[in-house]
Amino acid sequence: MEKKLKSWQGWLLFCGAMAVVFVLGLVVSSLMERRAETVSVFNNKRVEITGIEARNEVFGENYPRQYETWKETAKTDFKSEFNGNEAVDVLEQRPEMVVLWAGYAFSKDYSTPRGHMHAIEDITHSLRTGAPMDDKSGPQPSTCWTCKSPDVPRMMEAIGVDSFYNNKWGAFGSEIVNPIGCADCHEPTNMKLHISRPALREAFARQGKDIDKATPQEMRSLVCAQCHVEYYFKGDGKYLTFPWDKGFSVEDMEAYYDEADFADYTHALSKARILKAQHPDYEISQMGIHAQRGVSCADCHMPYKSEGGMKFSDHHIQSPLAMIDRTCQVCHRESEETLRNNVYDRQRKANEIRGRLEQELAKAHIEAEFAWDKGATDVQMAEALKLIRQAQWRWDFGVASHGGAFHAPQEIQRILGHGLDKALQARLAISKVLAQHGYTADVPMPDISTKEKAQEYIGLDMEKERKAKGKFLKTIVPEWLEKARANGRLAKL
């Protein structure tokens, strides 16, 4: 005989079922409401955007939430133990770096990076770009604009990629006026993520990969990899190229450059042919546990937020340490203090090796110059210069990736450790050369305890540099902006 439910049990089951249905209804309603709001955003655009629209303010008319958070990249109020979003004079903090870059523009000026809204302002004010008074002068090619503005793909489309690269930096000052923004990463009609610059697409193609087959989650990192990577200016045309053909590691790229017999510059003191790393953030991040587990750049640097029932990516791109509750704690249950200290612990260890490497490498350059002055020959110095090149490449590769000590801490410590070893080997090789010329005492070291002293030692006339830059900023830049406004390159909203 079947057991019958008691009356109260039946009512309990009924009420429970109704509660489940009610909760599910709320969830579905919320999802439908959010979907409807998303559809409403696309169906009720205030302006139609077609082609490459470089003016970020125009996108802001249709996507105010994203635009308002993007404008927050102008803020400079966050500082962590080692980084932040304010411009800090790194050469002032680490004067040895002036010596490491002797003969290269970075010895004049190098600060920590600010947010995307400052991209045009910072490159224009940097002493590294010089003071070009016309379209044909100045130390840098127009390739230096490539990652600074959505005006770049617009110009590439207008005049061709090769023609864009094969010009002086000052040639497009009145055209490249909008800072990094919407069109750099988004299709204008549907806002899908896209690749707006050729170098990444070309690098994939050379490896036999089709970047158009990337998943949406992969694209949340690949749009960043258009710029946050290692690259170089290839040939006389200064064609921007990623050295990925042999792989992502520091050794793979070194082999690529060695095979091409490439150097960014010849060091003014040691005469070593130096490789200048850019910012291999993407490559190093791919060697870390987060990327290997499928976490994208945007997951941590552009976390989701909700406003008025609308979920969207926060376009205030910044360090995840500034918003641990919306980044790290989405997956990790530890306290903010614990998670922050986990990051700092990794950074401190890498920073310790970095400091030692910079000191030894600066001494190697100075000792190499001393050896040349004592009559050393090219043959005698060959091994030492090779070791200096290898040591500095590893130092720069580790340092230029600002988040590398967190993204892939073991790899960064390995790279810096190998760099330190090679710097010490270089100093030993130089001492043997000096011994051949009858010199066995310690090489006298100059006072490079401040940025100013180091710059004077390597022969820079900083007063002249700053004076020329000041004149450029007062005369040429206003002309660029006036012309840009007249041609409608800047928004009038």
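Glycine is treated like the rest: Cβ placed from N, Cα and C.
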Looking at Swiss-Prot, which one out of H290, H301, H315, H316 binds heme c 2 in the same site as C182, C185, H186? H315
Looking at Swiss-Prot, which one out of H407, H418, H437 binds heme c 4 in the same site as C297, C300, H301? H407
By Cα geometry, the one of the binding-site residues (H116, C185, Y231, K276, H332) nearest C300 (heme c 4 binding site) is H332
Using DSSP, would you call H186 (heme c 2 binding site) helix, strand or coil? strand
What count of other C-beta atoms do you get within 10 angstroms of the C-beta of H332 (heme c 5 binding site), across all chains shown? 12
What is the interatomic distance between the Cα atoms of H315 (heme c 2 binding site) and H301 (heme c 4 binding site), given in whole Å? 9
C224 (heme c 3 binding site) as reference: those binding-site residues from C185, H186, H279, C297 with C-alpha within 10 Å of it: C185, C297
